[in-house]
4 protein chains.
Amino acid sequence: MAGNSFGTLFRITTFGESHGRALGGIIDGCPAGIVLDEKAIQEELNRRKPGQSAIVTQRKEPDTVEIYSGVFEGKTTGTPIGFAIHNTNQKSKDYSHIKDSYRPSHADYVYDHKYGFRDYRGGGRSSARETASRVVAGAVAKQFLKDIKVTAYVSQVGRLKLETPYQQLDFSEIEKNPVRCPDPTMASQMEEYIKSIKKEGDTIGGVITCVIQNVPIGLGEPVFDKLHAELGKAMLSINAVKGFEYGSGFEGVTQKGSEHNDQYNTDGTTKTNKSGGIQGGISNGMDIYFSVAFKPVATVLQGYDTIDKEGNKVAAQGKGRHDPCVVPRAVPIVEAMAALVLADYTLLAKGNKI
Amino acid sequence: MAGNSFGTLFRITTFGESHGRALGGIIDGCPAGIVLDEKAIQEELNRRKPGQSAIVTQRKEPDTVEIYSGVFEGKTTGTPIGFAIHNTNQKSKDYSHIKDSYRPSHADYVYDHKYGFRDYRGGGRSSARETASRVVAGAVAKQFLKDIKVTAYVSQVGRLKLETPYQQLDFSEIEKNPVRCPDPTMASQMEEYIKSIKKEGDTIGGVITCVIQNVPIGLGEPVFDKLHAELGKAMLSINAVKGFEYGSGFEGVTQKGSEHNDQYNTDGTTKTNKSGGIQGGISNGMDIYFSVAFKPVATVLQGYDTIDKEGNKVAAQGKGRHDPCVVPRAVPIVEAMAALVLADYTLLAKGNKI
Amino acid sequence: MAGNSFGTLFRITTFGESHGRALGGIIDGCPAGIVLDEKAIQEELNRRKPGQSAIVTQRKEPDTVEIYSGVFEGKTTGTPIGFAIHNTNQKSKDYSHIKDSYRPSHADYVYDHKYGFRDYRGGGRSSARETASRVVAGAVAKQFLKDIKVTAYVSQVGRLKLETPYQQLDFSEIEKNPVRCPDPTMASQMEEYIKSIKKEGDTIGGVITCVIQNVPIGLGEPVFDKLHAELGKAMLSINAVKGFEYGSGFEGVTQKGSEHNDQYNTDGTTKTNKSGGIQGGISNGMDIYFSVAFKPVATVLQGYDTIDKEGNKVAAQGKGRHDPCVVPRAVPIVEAMAALVLADYTLLAKGNKI
Amino acid sequence: MAGNSFGTLFRITTFGESHGRALGGIIDGCPAGIVLDEKAIQEELNRRKPGQSAIVTQRKEPDTVEIYSGVFEGKTTGTPIGFAIHNTNQKSKDYSHIKDSYRPSHADYVYDHKYGFRDYRGGGRSSARETASRVVAGAVAKQFLKDIKVTAYVSQVGRLKLETPYQQLDFSEIEKNPVRCPDPTMASQMEEYIKSIKKEGDTIGGVITCVIQNVPIGLGEPVFDKLHAELGKAMLSINAVKGFEYGSGFEGVTQKGSEHNDQYNTDGTTKTNKSGGIQGGISNGMDIYFSVAFKPVATVLQGYDTIDKEGNKVAAQGKGRHDPCVVPRAVPIVEAMAALVLADYTLLAKGNKI
């Protein structure tokens, strides 16, 4: 399992299992001289934390980040920023339903085949708990990015879909409700819906939309490393994600070129933004926006049939404290990954011209 | 503009502009001992070639690949495979409408800002002509993959959408019609529609679906380099792509966990395949399938308003021989990129267990 | 300061400053299923530890490694192995002689210019304390390598040079003396010499020779990533190293081809081994051996003239507890880096043939 | 055989066998806007060309480089620069002495074991002919580097060693003699010596020294990617190289710290330069200098005993037109690799500070 790093110049590598001693990571390539607000990092982590509201998992994980290196007298030194989040809630539990059989649509089965065995406790490395490290790194990236503003929000839960374009939304509403949807009415409906799903012991999918503002022109390495290709990979690497679209997205395929093209204003901005702020893989200075589809959480608190290692049929019962819908807590993760991509491409862009 | 490489162990690097002397690339990391069918490589390239039918661009590019190295006595040697496709049709043309102003929703504007100037002839490096090199590399990857079969087809043009699940389609129909849609009736409708769009001097978007069969269990590096994340990046790096989804995709968000989960058969296969052949970023042995959204080609053969370098308004007129719909010719490109990902992940998977 | 990673498939990334909270790293790509002896890791770290003998620094750094992840029920899981070594001895010290002026032949001056400022405590990131993390990773690599045996020893201190070929040495003597020289007589001389240098408040350079036995044929990626090129980079990345040679090395340039060539035995081994176990960048199954030159430690316990940040002349005085000769403690570091290269190239070699 | 790329941001990938259709490469990451002198590139290639003088191989390889992309109206565009050198002299030859048996101290044996078979014609990929592509890339890097001046020269042939420090040499003498030694008297002696070696049908080793002037302070990524570590890897990747040292090198180990340390002048320069222009892996603005040891060419024009694939003893006879001493023609190769490292580290350094 190589592949625990992301980024080229601004680069994060993470480690840690759901119920191991600690999770953490190393941020390599963060430039020197950034006044680092460690409290702001912890706050981002708190946005992802379980137990925030009635519609997320009630597990208790304090998730306190310790920064080990790379900061001196309050500023980044240009050296790698090592950090860890110690697990405090991983007491001995009953994992027999996980240990000896494969949960449907989980990674249990493929891990056993790929590695020969697995750390089954809480999903081990395949658990979304790994994303806590991403949020820490993303919080550092956000501080590096300064004026570039990354904002994500929940735009769909099940069939409840917010159709309002992001330009007409009030982003200050996002953190005011547990769903993290900027439309208060829709947020209430989503909240009620998630509660009802939870009552059934079931789960539901959702969509997160992300908007990146104040992007300079010229970020993105055309051809294979197009800006939207890297954003897509970043999002698809988040647990439970099934799809990614930017700008006009899947809807754009139904349009004609004559209506889809973005006409220029004389200042180089465009009258419409179906391009989603990216042309030919390079940012054009307009807002970047994209959507990310999350499947329903696979762990349902219901009985189910499955197989064990030997291929015998077994009956099992989902248990534990799981999210009925993953998108509210995934909002800071989407932002973190977007910030990491933007930070990396900002550094990459420095060498394009003499 | 670094970023012209794709893959870690099975790795392609490409070069070349639309109207430069030659395009080409280097395939590095292809294992030794593969009996290489060079004719099959040329045939893949012919599938991408302009001028194949009435619904694609009528440009004449013979696109003959010359292989310079890495093959000896008909077999790959394990050394890099260098190749070139010489441009033969790049005679002096009238580029004044491109040189001095920015085509809407093209990369002209951002290239000028990023690099200070640009090779404006036919779009230079931002032209989809670059994908010819990808098709060559993908054709080599296909021969390396042997039993793993990669098949792409057009599943949507504008609002004409093929709803039939891929399992019920006859893939042998794909190459029998110019649209590359495996349903003959739908193919005819799409063909007529594209012709009508062409007559208007307009363009239309579309969707390509890709199916990968006979995939062994265990391909994919979990966390950042999940198999579907790399497939997503590969697809999003293709010109004009706006979205990617795999398995249940965007539709999956509307489902409950209890209905979305794939139940196991006793042999480890699953009764349904909403996972799309990938769980936790690792292949589970079921078919992998995904869809890729292409926007309408930006070049329309109509008059339009735009700006020049100095920000003056100018009126321009689209001209040249362009595709009214990009998806028929993009089918081999999608397959090539998928094959490259699978080849790379096959090599990466070799070191997972002792 | 990106560049804190080493290796492609078996990959180490380190973090940490000399007097920060903790040092540590992430080992990514270690295959699953290795029974990991954590005590053996700590023992390697103890070989590098200060205060082992009268001829090394008397600083007290317990250097206890904590492994956070990647191991389950005593075996590696294939997931990243995160670890930390907490600093316990970094109490407030008087750094004024370092903080405000530049120590000659240290990295102080260039860090200030490159990053704008620096963590001056104990040299910060430029301190050889970073190599503790390498030793941990190397100890894991050694356990992965199993039969491939990596042995380093001190072959020169100042002008005291062990001329005996490695084949005639008894490696079991190495750890029996504080110099880590396998020849007991020479070891005594070196020890006395280092003591006399220490008494002067001065320092002296040395050479470490490393031998790798039981190497399979075929490790090494020819052209840029030749096996000896990567070994050379690994060694040159160790603090204070000024030179690297393998096989016949610098002495080999004085020989004629007819005497330098290694003639084959019928089993494919060679009668001589001037090649140093590597031909064309690829291991040939013979022992690999190389030498690494270390300059004298720059910190001398004497008065010296230097400059401050503003370019004013200042008189300073070396102090602290430093090694009079770095090579005895560098032996496990050389072994660690060699083991990391071999582990990485073992994984890389898996994909060469079909 | 991945590993055909070198560099991170300024990156070269090469392809091609000694007697294949063509060699060449792709330079990726060269910034846009450099006025590229293609004639100067060809001139560098001519310095490496066979047949220049009586002391090098008399093979005839015109080695004309064709540039396929990445340049427009005389300037680099920021897109990859693809190039090829077509082989014109690879007519059918008698390779029976190479095909069926292993030349001592060549890569024949290990290639067969690693890849299962090999392109035996002229050594295939293991031939130093590959370095022609490096010289092309290095020539582009030199033009990018502008004021940073890279100069290499022959400082030793056999036991004939030029002891004069580089500061006292007249670099304008280098190209005036076929040995490329800046001391005319020593050059004559070396020339005579090489001629006598050639007459014997034998070969001899040598040393190349390289000096890099006008280096800005701050190039180099400390820890694993120290500037001298990358230079070392670059040099060790050149065919026939057995050793690398920089600054005081192997001689430095015999010195005490008090004499080895470089004292500062008030302008930050140092009174001596035993550091070799690099401290802690980062350039300090002083000249960088290093030496590279080349073994004698393995092909001697004499009879020798060896084995065939089945391990049978066979008698063979060296033939062909080979260099009696590789260093005169290796001078431009050393310069090319040094220029590539400096170009890459110049781009890497751009992102260190905010």
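Each Cβ is built from the backbone N, Cα and C atoms, and glycine gets one as well.
Per TrEMBL, NADP(+) binding site is recorded for A:R48. The annotation FMN binding site is assigned in TrEMBL to A:R125, A:S126, A:S127, A:N239, A:A240, A:G280, A:K295, A:P296, A:V297, A:A298, A:T299, A:R321. Taken from TrEMBL, the feature compositional bias 'Polar residues' applies to A:263-276. Per TrEMBL, the feature region 'Disordered' maps to A:255-277.
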Under 8 Å Cβ-Cβ to chain B, which of the binding-site residues A:R48, A:R125, A:A240, A:K295, A:V297, A:T299?
A:R125, A:K295, A:V297, A:T299
Tell me, by DSSP, whether A:R125 (FMN binding site) is helix, strand or coil?
helix
Taking 10 A as the limit, how many CB atoms besides its own sit near the CB of A:T299 (FMN binding site)?
25
From the DSSP assignment alone, can you count helix, strand and coil residues within the compositional bias 'Polar residues' (A:263-276)?
0 helix, 2 strand, 12 coil
Between the two most separated Cα atoms in A:R125, A:S126, A:S127, A:N239, A:A240, A:G280, A:K295, A:P296, A:V297, A:A298, A:T299, A:R321, the residues recorded as binding FMN, what distance in Å do you get?
44
Among the binding-site residues A:R48, A:R125, point out the residue whose Cβ has the most other Cβ atoms within 10 Å, with all shown protein chains included in the count.
A:R125
Chain C neighbours, restricted to the binding-site residues A:R125, A:S127, A:A240, A:K295, A:T299, by C-beta under 8 angstroms:
A:R125
Do me a favour and check the Cα-Cα span between A:T299 (FMN binding site) and the residue listed as 'NADP(+) binding site'; whole Å is fine.
19
Hey, how far is A:V297 (FMN binding site) from the residue listed as 'NADP(+) binding site', Cα to Cα, in Å?
16
Over all shown protein chains, what is the count of other CB atoms within 10 A of the CB belonging to A:K295 (FMN binding site)?
27
Could you round the CA separation between A:A240 (FMN binding site) and A:R48 (NADP(+) binding site) to a whole angstrom and send it over?
15
Provide, as an integer number of angstrom, the distance between the C-alpha atoms of A:S127 (FMN binding site) and A:R48 (NADP(+) binding site).
14
With every protein chain in view, how many other Cβ atoms are within 10 Å of the Cβ of A:S127 (FMN binding site)?
20
Let me check the 10 A CB neighbour count of A:V297 (FMN binding site). How many other CB atoms are there?
24
Around A:A240 (FMN binding site), how many other C-beta atoms are within 10 angstroms of its C-beta?
23
